[in-house]
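So the structure is just underneath, and the comments pick up after that.
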Amino acid sequence: MPTMDDILEHIGEFDFFQKQTFFLLALLSAAFTPIYVGIVFLGFTPDHRCLSPGVAELSRRCGWSLAEELNYTVPSLGAMGEAFPSQCRGYEVDWNRSALSCVDPLAGLATNRSHLPLGPCRHGWVYDTHGSSIVTEFNLVCANSWMLDLFQSTVNVGFFIGAVGIGYLADRFGRKLCLLVTILINAASGVLMAISPNYTWVLIFRLIQGLVSKAGWLIGYILITEFVGLSYRRTVGVVYQVAFTAGLLALAGVAYVLPHWRWLQLTATLPNICFLLYYWCIPESPRWLISQNKSAKAMGVIKYIAKKNGKSLPASLQSLRPEEEVDEKLNPSFLDLVRTPQIRKHTLILMYNWFTSSVLYQGLIMHMGLAGSNIYLDFFYSALVEFPAALIIILTIDRIGRRFPWAASNLVAGAACLASVFIPEDLQWLRVTVACLGRMGITMAYEMVCLVNAELYPTFIRNLGVLVCSSMCDIGGIITPFLVYRLTNVWHELPLVVFAVVGLVAGGLVLLLPETKGKALPETIDEAENMQRPRKNREKMIYLQVKKLDIPLN
């Protein structure tokens with residue numbers, strides 16, 4: 001019987017229907033950016049100091065400039081290794097005294113300011129920003145700074161739970177249904193988060209967004225790889241992730257125009273409302289329908305694709321059955337990911353590589369600590385580094401394959417981390433260059449693991465396999481801040497040593513996976529188990545069968 005790849009060769013592997021669907025799903029990929037990295041702007045922490053009504057009144061009476069007010073009333077920086085008293089503590093002074101002069105008002109209270117008592121900020125804080133964030137609105141600083149960490153950890157917990165749970169549902173009940181449900185919940189929770197009255201409700205709706213948003217992004221990735229033909233699959237997989245990078249650039253621009261977090265959150269959520277129109281634009285995956293023994297519905301989708309592409313479907317290809325003759329449709333199970341030896345090996349290696357990619361990708365950004373005061377330009381420039389990574393992938397994976405570029409990118413990232421340990425501080429340009437090389441390498445690895453993950457599993461557990469394995473990057477996202485900041489307290493370069501080790505190990509493990517270049521997506525467990533072997537006999541059998549059916553009878 002013909003496979004889906006055989007049919008696509010006749011009705012179009014990447015014609016009008018696939019291009020239209022890819023464009024629509026690429027918009028979905030770009031819209032995921034504010035949820036994944038939106039904390040940079042939603043949780044931006046500006047310079048701050050204690051709010052004191054007495055200081056404000058004294059400054060107004062004396063006509064101080066901002067610089068004079070800071071010089072006269074804010075504690076100086078703490079000693080080496082201490083926190084910054086200027087941000088979290090203020091002088092325990094009665095600023096309403098009439099005896100305080102306008103020129104160095106504290107001089108009459110103590111000859112040395114360091115002898116004056118300091119206390120917590122009792123009236124809140126003053127923030128040096130023209131916009132707002134959840135930090136400035138809910139005062140998530142000083143003793144409450146852990147609440148910002150909780151905000152980011154919560155969305156990663158949502159990513160983890162949603163990826164596994166919704167991945168199972170998408171393989172059980174279909175890609176399209178789960179995609180639309182995740183879009184609807186994402187849109188509703190995003191709007192509710194923008195109008196939340198307090199931090200608790202913000203946290204709840206952020207968790208809900210995490211539960212559905214990443215799962216929806218990955219379902220979109222699965223859909224587009226199942227709609228296109230073999231020769232285009234790797235390109236659309238990479239460009240789908242490039243759309244995410246384009247979303248990074250767009251987010252920087254929107255955040256610059258809308259510096260207030262509620263308006264930014266609302267604006268970033270609006271596209272999801274429009275995505276509900278995909279109900280009329282994107283059909284169910286015919287590969288999934290075939291795997292579920294729904295051949296009639298699958299043929300209906302195939303004929304729709306052929307019509308949109310202006311092609312006709314040969315009569316010899318209008319008979320579909322799953323390649324495993326079964327009486328019931330195949331229901332995915334988590335055990336299917338570890339039941340057989342080769343798929344079990346694939347699962348373990350992919351899970352480790354997802355974890356490694358997340359830790360290095362986020363960890364390198366945190367550790368590099370981009371210099372400069374313009375958060376928008378810093379974010380914009382760091383996103384630009386990802387475009388060359390995508391270009392290198394497109395130019396290499398079709399000529400060289402998936403496995404070696406993927407392994408090399410992990411090795412380059414690990415080697416760059418190790419090299420950074422030995423570069424002296426005065427060679428800052430070299431440190432930045434090596435850090436960017438590591439960022440480019442791990443970006444390639446991140447995109448490669450998403451591409452190859454979908455190619456190593458049979459159809460009926462493909463979505464489940466991708467979402468379960470990718471859930472490890474959420475575990476990495478949860479622990480990376482602790483890896484960076486805790487280990488830095490021991491030795492500043494220790495996180496880089498850890499990154500180097502895990503990156504180099506990931507590169508070696510990739511070499512144990514089969515090469516998927518030029519191979520059709522496996523439809524059954526047997527095909528996935530035998531990916532190291534060529535399937536020439538099976539392909540030849542299909543070819544001869546089609547030729548025989550096409551011979552007219554006299």
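Cβ atoms are placed via backbone N, Cα and C, with glycine included.
Any TrEMBL annotation is an automated prediction that lacks curation.
The transmembrane segment annotation in TrEMBL covers 21-44 (among others). Packing against the transmembrane segment (21-44) from elsewhere in the chain are residues 129, 131, 133-135, 140, 148, 151-152, 155, 183, 186, 209-210, 213-214, 216-217, 220-221, 223-224, 227-228, 236, 239-241, 243-244, 246-248, 250-251, 255, 261, 264-265, 268-269, 271-272, 275, 278, 281-282, 375, 379: each is 6 or more residues past its ends and has a CB under 8 Å from a CB in it.
Per TrEMBL, domain 'Major facilitator superfamily (MFS) profile' is recorded for 100-518.
Per TrEMBL, transmembrane segment is recorded for 150-170 (among others).
What TrEMBL lists as transmembrane segment is 177-195 (among others).
Non-local neighbours of the transmembrane segment (201-224) in the same chain are 18, 21-22, 25, 28-29, 32, 35-36, 134, 138, 150-151, 154-159, 161-163, 165-167, 170, 175-176, 178-179, 181-183, 185-186, 189-190, 192-193, 236-237, 240, 244, 282, 285, 450, 454, 462-463, 466-467, 470, 474; each lies 6+ residues outside the stretch with a CB under 8 Å from one of its CB atoms. Annotation comment: TrEMBL describes 201-224 (among others) as transmembrane segment.
Sequence annotations record features per position, and here TrEMBL assigns transmembrane segment to 236-257 (among others).
With a cut-off of 8 Å between Cβ atoms, the residues of this chain six or more beyond the transmembrane segment (263-282) that come close are 20-21, 24-25, 27-28, 31, 34-35, 38, 41-42, 176, 179-180, 183-184, 186-187, 190-191, 193-194, 223, 251, 254-255. According to TrEMBL, the transmembrane segment annotation covers 263-282 (among others).
The feature transmembrane segment is assigned by TrEMBL to 349-369 (among others).
Residues 40-41, 44, 234-235, 238-239, 241-242, 245, 248-249, 251-253, 255-256, 365, 405, 409, 436, 439-441, 443-444, 447-448, 451, 517 of the same chain lie 6 or more positions beyond the ends of the transmembrane segment (375-397) yet place their CB under 8 Å from a CB of it. Summarising the annotation, TrEMBL assigns transmembrane segment to 375-397 (among others).
What TrEMBL records for 404-423 (among others) is transmembrane segment. Panel annotation: around the transmembrane segment (404-423), residues 353, 356, 360, 364, 389, 392-393, 396-397, 430-431, 434-435, 437-438, 440-442, 444-445, 448-449, 452, 493, 496-497, 499-508, 510-511 of the same chain, lying at least six beyond its termini, place a Cβ under 8 Å from a Cβ of the stretch.
Marked as transmembrane segment by TrEMBL: 429-452 (among others).
What TrEMBL lists as transmembrane segment is 464-484 (among others).
Residues 345-346, 349, 352-353, 356-357, 359-360, 363-364, 367, 403, 406-411, 413-415, 417-418, 420-421, 442, 445, 452, 456, 483, 487 of the same chain lie 6 or more positions beyond the ends of the transmembrane segment (496-513) yet place their CB under 8 Å from a CB of it. The transmembrane segment feature in TrEMBL is assigned to 496-513 (among others).
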Checklist outcome for this item: The recorded stretch from 150-170, 177-195, 236-257, 349-369, 464-484 sharing the largest number of CB pairs under 8 A with the transmembrane segment (429-452) is 349-369
